[in-house]
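According to TrEMBL, the features are:
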type: TRANSMEM; residues: A:12-37; note: transmembrane segment
type: TRANSMEM; residues: A:57-79; note: transmembrane segment
type: TRANSMEM; residues: A:91-107; note: transmembrane segment
type: TRANSMEM; residues: A:113-134; note: transmembrane segment
type: TRANSMEM; residues: A:146-164; note: transmembrane segment
type: TRANSMEM; residues: A:192-219; note: transmembrane segment
type: TRANSMEM; residues: A:248-269; note: transmembrane segment
type: TRANSMEM; residues: A:326-346; note: transmembrane segment
Amino acid sequence: MISFQRRSGSSLGWNVVCYSAAISGALLASAVLLRLSGGDPARAFTALIVGAFGSQGALLGSLAKATPLLLVGLGTVFAFRAKIWNIGQEGQVFAGAMAAYWVSFWIAPLPGWLAVCTLALAGMAGGGVLGLLAGALKTRFGTSEIISTVMLNYVVMYLLAYLLDGGPWMATGVTVSYHQSPPIDPSLEWPILLAVGAGKLHVGFLFALAASAFAAVLLDKTSLGYEIRAFGSNPTALTFRGTNVRRLLLTVMLMSGALAGLAGAGELFGVSHRLRAETLLGIGSSGIVVAMVGGLRPSGVMIAALFFGALESGTIYMRLKSGTPAGLVSAMEGLVLLFFLSAAVATRLQIVRREVHA
Amino acid sequence: MEDLLNVQNLTKRFGSVIANDGVNLDIRKGEIHCLFGENGAGKSTLSSCLYGYYKADSGEIRFKGEVVELSSPADALRLGIGMVHQHFVLVSNFTVLENIIVGSADVGLLLRKADARRRVLGLCRDCGIDIDLDREIWQLSVGEQQWVEILKALYFGAELLILDEPTAVLTPQQSDQLFVILDGMRKRGLSIVLISHKLREVMQSDRVTILRKGKVVATVDTANTTAEAITALMVGHKVTKNVRDNSVTPAGEILSVEKVSAVGEWGEDVLKDVTFTVAANEVLGLAGVAGNGQKELFEVLMGVRALQSGGFSLEGSPVTAPTSRQILDSGVGFIPDDRFLEGLIPEFGTAENLVLGWQRSPEYCRGPFLDRRKLAELARRKIDEYKVATASADLPVERLSGGNAQRVILAREFQHARRLLLANQPTRGLDVAASEFVYEKILEKRAAGFAILLASEELEDLLRLCDRIAVMFKGRIMGIVRPEETSLLELGMMMAGDASQLTQGIQ
């Protein structure tokens, strides 16, 4: 008889088996989905890979798409490792972009790098304050952060809709459409690190790399990281052992929101150069997926962000080349998450064969 | 007598750990059979195999002579093997009768209460259980709730009843009553398996099977042996019991608690005018049945529960609006009763747990960073000094036995505490040898000038260790007595709320 048991340690070989199976499974399920919707899976996948890695430009495009996902993913790691369920990354990304946009009105005369840093800080402040608000609702009134963060998403999104649809931030003039702001001052656009063809990588990528190193060191090596991990495992003991857990919770929500806010600021000043809801939509939720697939470890999140960045970048090309509907891309992301989470469970088990006695 | 249950060569492994190693056991009809052993000796695993919660890896179980396959507790129950857990599974706003018949096989759409009542009353009469079937569970004492659990199993037709440390939650009087009931059941021909590590209970059984490190050491007739012999079999050597050293006498006051009151979640009184002092070189015992305010008192003293009125002072300086940070910083050590909930981070290893509460102390940090080398060094030293059995300093402590987890807490608290030790049930769930290790360390600290507040349900232990004993009942201190002038019976009466036994009040 064959059965599963909890594994006492982790084994690298078994992890590789599990995750390979997850990738194959996700591809297979996606192929079935593509076929069912009338597409040609082989052509679609080829287009996907070419679009993601086929050229230097494509590669840069993938890295650019990975940048906000990595930032949001890292922010999610802080929260989820503490078992604080911040799922308001969508709103925090928006808030970051909005705060940075607002600050940009006042800083045009600043020299280049100082402007970049100010805008990045403004973005972090925007996302951070939104996270902090949800945290304060929890520490003051015991409101579940799951509810409050999701509800704050709506508040922020409708605020942006008001500001852009006839509100003070709407683009004016004859040629512009609704739902977006005028372009930002070109002197405030974030520097492009590398550009090949349509593929451009802005300076936010460096911020994301720095944030990864910061997160890895903080979680593993510092007293604060110790407290975050301890809070996730057993907040009661931490309370008895002299840690102010309310302050800790607020700190985590602040950091988590700030990283999402930075992602929003980067998308606005590094990529779209206009404040628009569509360009920001989905980054927060994909970032959560990235954090989960990355096993809530900064190193894992880097790999996952790259994977999902490539997926997003490649699917743009895939849509053009093979006419795959856009909705399928989200469905594929969902499938990847499902298979990876299953694989994560499987890595903790082992298969045992037992003799049965009659 | 014939064997009701017969276990042959049963082995159960968890990963690389062998919890039961070739165990042989036979339970006769109409006997009280005690499973006795240290923590981790395999008592619980064995009983879990017997009632179908775990499936043995190999070996065979015969019930009434037939080989049986137990894959779930439901299987076991069908055969007539029932279990009473330490934590009761009762619906608190159902009556006794409803709790007993709920889930029983012969319940159709309608509860046939009249028939059921007749049957349950019959069972009560047979076993000498005196209980009102129409009272709701929340109105009952813990001891009575346990009777309901027993009745439930009997109503299901259990012929073999397994009780997992049944007296852990009872007063001495309630325990005595329980044994009267068990005796009644035995006379009716029922068999009882009693898991215990209390010698007092073991000696009331007919036979005892002693387990050590997963193996059966011996099965002996209780009538032909002594408590000392059983203990020696259990630990493999002789155990010397610690007693308070009377040449050390209490000196200056360290902790002074003055009229402390606190309320619970629904505004009910959990502590009412609690007043006492603990001096240097003194162990003040805190006796009481669990749930009479001891936990809340420790929470107040640790600064995690708000005071309603009153206050306390440490070494003469009043502590106002205390926080756990402030308490720890003023040199207080704390051993909680629920070690995995209040004392440890289960996913952390021994090394990280040894600095829990001190993770920001300059002693273990370089700037914002934890000094991993110092942590490893501390862990190496403490694992050695306290004999913590762990595969590595980073193995999550949730994988340690209760006794080893407690050693980690002791090591941490004794490393950092300076004047006062608050110990709430420090030996809960520990076996004789592990308990004595804890007591030895506590008495060392007493000799070194510590003030110690020691709450325990083990009254014999309090009597031999403490300078004075305070008894708590319903959030109040019933009285403070000296052990040399007090009997077990008197303590028990006070724990049940009867202060008339208090012949002399000593403060």
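Cβ atoms are placed via backbone N, Cα and C, with glycine included.
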Using a Cβ-Cβ cut-off of under 8 Å, list the residues of the same chain that are 6+ residues beyond the ends of the transmembrane segment (A:57-79) and lie near it. 50-51, 85-86, 89, 92-93, 127, 194-202, 204-205, 207-208, 211-212, 215, 219, 228, 252-253, 255-260, 262-264, 266-267, 270-271, 283-284, 286-288, 290-292, 294, 296-298, 301-302, 304-306, 308-310, 312-314, 316-317
Note: vs the transmembrane segment (A:146-164), the recorded stretch with the largest number of Cβ pairs under 8 Å from A:12-37, A:91-107, A:113-134, A:248-269 is A:91-107
Please work out whether the transmembrane segment (A:113-134) lies in contact with the transmembrane segment (A:12-37), by counting C-beta pairs under 8 angstroms that are 6 or more apart in sequence and asking whether there are at least 3. no
Residue list, the transmembrane segment (A:192-219) vs rest of chain: Cβ under 8 Å, 6 or more residues beyond ends. 55-61, 63-64, 66-68, 70-71, 74, 77-78, 81, 116, 120, 225, 228-229, 259, 262-263, 265-267, 269-271, 297-299, 301-302, 305
Where among A:12-37, A:248-269, A:326-346 do we find the most Cβ pairs under 8 Å to the transmembrane segment (A:91-107)? A:248-269
Quick test of the contact rule: Cβ under 8 Å, at least six residues beyond the ends. What residues does that give for the transmembrane segment (A:326-346)? 18-19, 21-23, 25-26, 29-30, 33-34, 37, 39, 282, 286, 289, 292-293, 295, 307-308, 311-312, 315, 319
